[in-house]
Structure formats: structure tokens, C-alpha cells
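*Asks:* TrEMBL lists G142, K143, G144, G145, V146, G147, K148, S149 with the feature ATP binding site. What TrEMBL lists as domain 'MIP18 family-like' is 7-74.
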Amino acid sequence: MSNITSDDVVDELRKVKGPDFESDIVSLGLVSEIFISDGKVFFSITVPDERAQELEPLRQAAQKVVEAMDGVKAAIVTLTAEKKGSANATETANSAAPHKGPAKRIVVEPGHAAPKIARASHGIGEKMPIDGVKHIIAVASGKGGVGKSTTAINLALALADKGLKVGLLDADIYGPSLPRLTGLINQRPRAVEGNKLETLEKFGLKLMSMGFLVDEDRPMVWRGPMVMSAVTQFLRDVLWGPLDVLVVDMPPGTGDAQLTLAQQVPMTGAVIVSTPQDLALVDARKGIEMFTKVGVPILGVIENMSYFIAPDTGKRYDIFGHGGARNEAHHRQVPFLGEIPLDPDVRALSDAGTPVYIAKPQSTFAKLYSEIADRLKSNLL
Ligand code: ADP
């Protein structure tokens, strides 16, 4: 396998036309610094913020061209907004990672212990505690692909390391990630006591995910009310207790479903995960506003994929425009919890079913999560 260089990548990227099919993205100066590690190529493309959604095909084209190169294992391509100092960018954005949102559909097969979609939702303002659970922390992001699930599991593990009893609910019905993140691929929770479900357990965490109940490869279209009902049942009809903390990996977005969820259970607070890009920050801001609106305290903002330390040289690269989330938190007067670097191992380890906190306990990554867990723990007394 040949060793590719950033010049090789740049040459390939000349094949990708600019936003209006004029020239190419390299000549237009839209491509960031390119970082390559272990066959994985990281870079971003600058686009006008209001055109982010429309230009998703451009991002995909760039990713495809680079991934087709000999010697490239993966390309992690993100769209970054042009700096205009504006706060009114459009809602949609793209991420440093392949989006795993609604496109990945799942099915409930007859015979599986799928949650019934019958229970009426609770009225607005009615927050019922969950049996045996002292604290509920939501981990949320305005959009998919920013590392919300990765953050949720590593944070849950770091909290468990502090001696707390911790559960993790993967409430991302559209794209459940917990089976992959834990390697619990073919295990199904047991139904007990009538309608109750037992959690699965791994790494000392109690776990539940739609991915444990359904077959990922078969399609099923979820509609908003069904999503809410399924999530509500995961909260109410799973034997969670006794737990000090239940970490809820929220569905991505800040729409009605997220709002309802935030209204249904008494949350100790929410942690907002964002990448440093302007586009992601717009969504993070919406997340802060949404939780604030329903009286859920913001425990803080985490900037994920904040910067990159080259494993070989130790040199730091700010390819994604590090620092944006800290400024945003400061601006919104909510705590800033920390900056998590982009670590090329994270994805591989996650895919192999071992979160980085477990696989590399001495890593910067694990230490940073431990520090964030300490900060969060002070909210849990
Ligand atoms: P979300 O829950 O926001 O959709 P995920 O946690 O699934 O995002 O992360 C999206 C992808 O990015 C995954 O492949 C994950 O392994 C990778 N990833 C997340 N955080 C990091 C990081 N700090 N460094 C490198 N890769 C990361």
C-alpha cells in the first residue's frame, strides 16, 4: 500500500468542482490543511453557511474521491462555515463523520421484545421521576455526527470510574449506536415482570438501546410520536435502578421530539456536545435554548474533535477551527466543560466495541473525560 501525502490528496481534490461548478475546490481555496494518519485523511471544506445542506453532495464527492485513493482507509470530511460573524446560519450542517441519522433505518420484527407504541405521553410540565434513578443527565447535540454518542459512553464510563452506579440509555431511535460501541451485537434484553425489560450490562454500565431490540438492517420508518413513545418506555419500563446517574444519549436535533423528552423526565441537566465549527455551534446554541426553555439546567458544553495532535510529531493542528464552543459557552454564560481532541483511534476502537476510555485509560482522551466527570459529579450531590 502506498504512503499518500497531503499533496496527493490535494491533487485528487482538484477533481471536485466548486459550489457552482466553477473551477475546483482546491483552486477556490476552500480546502483546509490536510492531516493524514494511519491511512485516514482529515480535512474540511469552507462553504457559505446558508448553503451547507445544499452542498452536502460536494462534501460527499470530496470524501469519495479521497477514499478511492490507493492507501486511503477513510476520509473524514466536514463542511465549515465561512466566517461572516453571523448568528443566523441555517439549521443544517454536515459533520466530520458520516451522518448516521434517519437514513439508517431499523425494523421491529414480530417476536422481538419491541416496545409497545401505545402509552400516551405525559402532559406538558408533568415530570415523573424514574424508579431508583437519582439523576438523569442528557447528552445532546443539535445535529448528528458530532460525537454525541461517543461522548455519552465515555462520560458514563468516567462517571462509573468515580464510584457511581451508572446507566446509559441510547435514545437515538433512528441510529442506535450502543450495540456497536459496546460490541453487544447479538444480545437481546430479557423481558421480565410482565412488561419490564432488563438492561444489558457491559464495562460496569447498565445499558439499553433500540439497537438491542431490533434488526438494524431492515427498514422501518419511525414517526415523531412513535419515537417519543419508544423513548418514554425506555425510561419507564426498563429496570434501571438502583442508579446514581442515568446518562441519556439524546436523539440528535432540537425539534419537538427532543423538547418533549426534556419535558417528560426530571433531568438534573444537559451536556451539549458540539464540534468547533460555526455550523455545529448554531445547533449547539439551539440546544442550549431548548433545554433552558423547559427549565433543564445546562451542565456545560463540550467541544469534541476540537483539535488534533499528530501521534508521530506531537504537533497540534486546529483543522476544525478550535475554540468555537468555548466562546459560545462563554457568550451564553453556561459552563465550558472541556475540549476533546480528534483522535484517529477513537473511531476504530469504537467500531471494535471498546470505548477509548476503556481501551486507552492512560490517554489524554480518557484523562479529559475523567476531568469532565469530576466537574459533572459536583452537580450530582
Ligand atoms: P453522534 O452521536 O453525534 O452522531 P458519534 O459519537 O456516533 O456521533 O460519532 C461520529 C463518528 O465520529 C464515529 O465514527 C466516532 O467514532 C467518531 N468520533 C467521535 N468523537 C471522535 C473524536 N474525538 N476523535 C475521532 N473520532 C471521533
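Positions of Cβ are set from backbone N, Cα and C atoms, glycine also.
Automated prediction, rather than curation, is the source of TrEMBL annotations.
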*Asks:* Would you count the other CB atoms within 10 A of the CB of V146 (ATP binding site), including those on all shown protein chains?
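*Replies:* Total other Cβ atoms inside 10 Å, all chains included: 30.
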*Asks:* Given the model, what does the mean pLDDT over the domain 'MIP18 family-like' (7-74) come out as?
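*Replies:* A mean pLDDT of 86 is what the predicted model shows over the domain 'MIP18 family-like' (7-74).
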*Asks:* Just to confirm: which same-chain residues, 6+ apart in sequence, have a Cβ under 8 Å from the Cβ of K148 (ATP binding site)?
*Replies:* V139, A140, S141, D172, D249, M250, P252, V273
*Asks:* When DSSP states are grouped into helix, strand and coil, how many residues of the domain 'MIP18 family-like' (7-74) land in each?
*Replies:* 22 helix, 15 strand, 31 coil
*Asks:* According to DSSP, folded down to helix, strand and coil, what is S149 (ATP binding site)?
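*Replies:* It is helical.
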*Asks:* Over all shown protein chains, what is the count of other CB atoms within 10 A of the CB belonging to S149 (ATP binding site)?
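*Replies:* A 10 Å sphere around the Cβ of S149 (ATP binding site) contains 29 other Cβ atoms.
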*Asks:* Out of G142, G144, G145, G147, which of the binding-site residues has the smallest number of neighbouring Cβ atoms within 10 Å?
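*Replies:* If we count Cβ atoms within 10 Å for the binding-site residues G142, G144, G145, G147, the smallest count is at G145.
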*Asks:* Hey, what's the Cβ neighbour count for K143 (ATP binding site) at 10 Å?
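*Replies:* So the Cβ neighbour count for K143 (ATP binding site) comes to 25.
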